[in-house]
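Down below is the structure, laid out as structure tokens.
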Amino acid sequence: YLGRGLQSPVFTKQPGSIVFPADSMDRNREVVFSCEAEGNPSPIYRWNLNGTIISPKAGSRYSLSGGNLRISQLNKDQDAGTYQCLASNSFGTIISREASLTFACESQTISVSPFSFVIKPAEPPVWKPLTFSWIFNEYPTFVKQDSRRFVSQETGNLYIAKVEPSDVGNYTCVVTNTVTKTRVQGPPTPLVLRSDGIMGEYEPKIEVQFPEAVPAAKGSTVKLECFALGNPVPSITWRRTDGVPFARKVDVRKTIGVLEIPYFQQEDAGMYECVAENSKGRNTVKGKLQFYAPPQLIENPQDVQKAIDESLVWECKATGKPKPMYRWMKNGQSLEPEEVGVSHMSGSDVGMYQCVAGNKHGQVYSNAELRVVGKRILSSSDFSQNLLKTHTMVREGGDVLIECRPKMSPRGKISWRKGNEALRETHRISILDNGSLRLTNATKSDAGIYTCIAGNQFGTASSAGSLLVKEPTIITTPPATLDITVGESIVLPCQVTHDPSLEPKFTWFFNEQLIHFGNHGGYFEKHSAGDIMIRNIQLRHAGKYTCAVQTKVDSSSIATDLIVRGPPGPPTSVHVEEISDTTASLSWRPGPDNHSPITAYTIQARTPFSLGWQAVSTVPEVVGGRRLTATVTDLSPWVEYEFRVLASNTIGTGEPSRPSRQARTKESLPKVTPANVSGGGGSRSELVITWEPVPEELQNGGGFGYVVAFRPYNATGWMQAAVPSAEVSRYVFKNDTIQPFTPFQVKVGVYNNKGEGPFGPAVTVYSAEEEPGSAPSRIHASSLSASDVEVTWRVLPWITGRRPDQSKRVYWEKREKEEMASVLRTVGNRTSAVIQGLRGSTTYSVTVRAYNTAGTGPPSNVVNVTTKKPPPSQPPVKVMWNTSNSKIILNWEQVKALENESEVTGYKVLYKRNRSSQPRVMETNTTSVELSLPTDEEYIIQIKPIGEGGEGNSSRQITIPRISGPNAIGSASTVSTLSALSTIALSFTARTSL
């Protein structure tokens, strides 16, 4: 029967409670409760709400996906309550733990005087696994708790002991479900500072206090809250009224009014007192911590198979304080009485049974399956399938259960012995009804060999195992609050004492989330023993760090609060309150100070014309950390600005705020005139005036344009013309009476919609010139080489109406048509030019013309010039070298020029020490040369023939290696140097004579 793989249902995932904002009820919001179970056949699922079965139907708000229940179009009145999942197959039905759906965090608008401030959720939370926080103005700026501000994790209320102007703004309640990790938030609640109140000093008024009796679960973390309103801001201290000092594990966070006691034990119970005190008085509140324990099963019903007509008694035992109450369920339905007994077993008794043990602090469920078979099997006791554990370990002072589960039918008697002595039950030692041995508050003397003896009328058997009592694991590092600055590194200690035979395992949690070393950007590293190091710490690393130590027999943990100080967070709500043509009044809200008071603010601005964000001048010049307004000065009129604010403290400057909305400064009269006013040129009888347009950001308003004023030199009256376009940079005045090259005084002014601005300084601009009327004289051309010709001429005398510094054009050609000639221009009063790149043995015709801005004058007389024959084309060959007494001796064959080449008149020897150095030149008229050079260097040498036509082709590079010396020389490229040509306009015609 069991071999066919059949299985009764067992939950693998049970629903968790859900909190939902009461004021976020749009028709598209929905929730999902999770439920999964294993079983064969596969389980089918049902759900109940407040004990009533839900029937999902087509078109209803409830639907099932596997075992998950989806509720759409949430209705606060209909859907709030307790949900349970039922999983069934052919073996029976089991029911899940309870899960609640609650609606929370509906806040109220409150206006207060400048004394104190409280925001309360409209409905207090009813389910504990919630955390509360409050957003100030904009996410992600959360209210930071300190001696002045407090968020109760019991009620969700936000308290401000003494309201300051920086507290004015919108507050939004955020509720986080710590089980499902979902987060919801309510609507914003404005805090408005009334102006009719007068700030006065008064004694502390305790607003947050714990009850007179506080039940505290064994092993839990107990947090007592205490916070007072008052002026001056009250201080909070804690003590035990019995005078017993706090244990090292107790964390007293005075700054946020919380007393935290981790791993609560019986000795931590007692009367606690919170004291709130300031210079005006003192108030206290007391409460008693009462030790309790939620139910914990110590004896579970086990799956059982019985024969027809047999009897069955199932027992279910649990510890707890108060004492748990029990109820039984079969296939999801309640049974009576508390202890289930079945006599004369029949097939109708088959099913899934659940024991539910509960007190006011919780419930625990156990499952067991009952199967009924047709025939009873009798047997003696047998341990072969369920031997006692060979070794059972317990820590000194701990509790341990040694199970004894022999197989025998009918059930017989079970007894125990330690060593050779029979065990008797005491206040610490008890034998459970199922035969298991329970031992509490273990001591070293309890270690030894324990034997379980089981027998019935068919025989007796026994099984033995050893009990090892180990020293408890104790964390010696006390809880602490550590303080560190962004960018620093810190070691969080976790030192323990433990049984030397056990290896402790250390696990670290950050804000109750497991730290995976190697992730988290490499910030977290394991240090010596159980310590961890956080490198280059960031603001996001602030929080609660818990070190958990576990051995095979026990576990312990300790918490450390880490405060990270850093530059302030970005300010919020940057607004332009008022703007003029050159100033803007700004306001903003402070961001978090990150545990270091804000000392100053910096304001930056940008425009469509600026290169990013730029610091601006303000009034006051230095904006202190307590100011939340400032006036920006020296702005440009009629420009769109964005502003942002940065906060600084002693640690540094934080991230900037979000930019403000764009705001345009008002218009004003223009003040900036065009730059680089000049002109000249143009056609006859024209006065051309030019300038650089004024940039848009300096125009100071719309309708921008220019006023051009001009007059003949030494005249009294000005002529003016308006240019109504900001982009135009030229104005031409034409009048037939204007004489060529007449000087004018010119100035350019500006205007916009607000009126006329200033004129710029007056400059002298000449009217258009006349073109040159005569040609240059005394033209002479001479050949310098096969490729270069020099041309000279006489300067023209200055004539009225023309510039005295007329430039020249030189024309040259090899044909008779001047329009095909090449042209070389010169500038100014030069009297010569060199024409390069010509062909050797070629006759060229050359003419010269003067030109100016008005045009080109007549050509000069034509002169002819013939270039010299080309230089020798054959390179030197058979170059030989040798070294002697720091000398390099070179020899080569005589180069013979061809018929159409100029004769060889000598040679140039180019040599350099290595490839990267500059070559040196030696000339000779022989075919050998002696160089006085050190022979411990490498040399590169080339030889060129020279003649009347210039330099000929070079020999191949010759590398002469160093004769001695430790270093090798690297190679480099040869660099050619070209001389620059001055601009000259020449015209000449060439006739080839070869």
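Note: Cβ is positioned from N, Cα and C throughout, glycine not excepted.
Any TrEMBL annotation is an automated prediction that lacks curation.
For 9-102 (among others), the entry in TrEMBL reads domain 'Ig-like'.
Positions annotated as domain 'Ig-like' by TrEMBL: 103-185 (among others).
Looking only at the domain 'Ig-like' (204-290), the predicted model's pLDDT averages out at 88. If you look up TrEMBL, you'll see 204-290 (among others) marked as domain 'Ig-like'.
For 295-371 (among others), the entry in TrEMBL reads domain 'Ig-like'. Residue counts for the domain 'Ig-like' (295-371) under DSSP (helix as H, G, I; strand as E, B; rest coil) come to 3 helix, 48 strand, 26 coil.
Helix, strand and coil content of the domain 'Ig-like' (381-470), in residues and according to DSSP, is 3 helix, 48 strand, 39 coil. The domain 'Ig-like' annotation in TrEMBL covers 381-470 (among others).
Under the heading domain 'Ig-like', TrEMBL lists 472-559 (among others). The residues of the domain 'Ig-like' (472-559), classed with DSSP into helix (H, G, I), strand (E, B) and coil, number 6 helix, 42 strand, 40 coil.
The annotation domain 'Fibronectin type-III' is assigned in TrEMBL to 570-668 (among others). For the domain 'Fibronectin type-III' (570-668), the DSSP-based tally of helix, strand and coil residues reads 0 helix, 43 strand, 56 coil.
Residues or ranges marked as domain 'Fibronectin type-III' in TrEMBL: 673-770 (among others). Helix first, then strand, then coil: DSSP counts for the domain 'Fibronectin type-III' (673-770) stand at 3 helix, 49 strand, 46 coil.
For 775-870 (among others), the entry in TrEMBL reads domain 'Fibronectin type-III'.
If you look up TrEMBL, you'll see 871-967 (among others) marked as domain 'Fibronectin type-III'.
Nonlocal intrachain contacts for the region 'Disordered' (650-684), taken as residues 6+ away from its ends with a CB within less than 8 angstroms of a stretch CB, comprise 485-486, 565-572, 574-576, 579-582, 584, 586, 588, 591, 594, 596, 599, 602, 604, 606, 613, 635-644, 690-694, 698-702, 704, 706, 729, 732, 734, 740, 746-761, 763, 765-770, 853-854. The feature region 'Disordered' is assigned by TrEMBL to 650-684.
The stretches the domain 'Ig-like' (9-102) and the domain 'Fibronectin type-III' (871-967) are not in mutual contact, being linked by fewer than three Cβ pairs under 8 Å (pairs 6 or more apart in sequence). Take the domain 'Ig-like' (381-470) and the stretches 204-290, 295-371, 871-967: counting Cβ pairs under 8 Å, 295-371 has the most. When the domain 'Ig-like' (204-290) is classified with DSSP, helix, strand and coil residues number 6 helix, 51 strand, 30 coil. Remark: secondary structure over the domain 'Fibronectin type-III' (871-967) totals 0 helix, 42 strand, 55 coil, with classes taken from DSSP.
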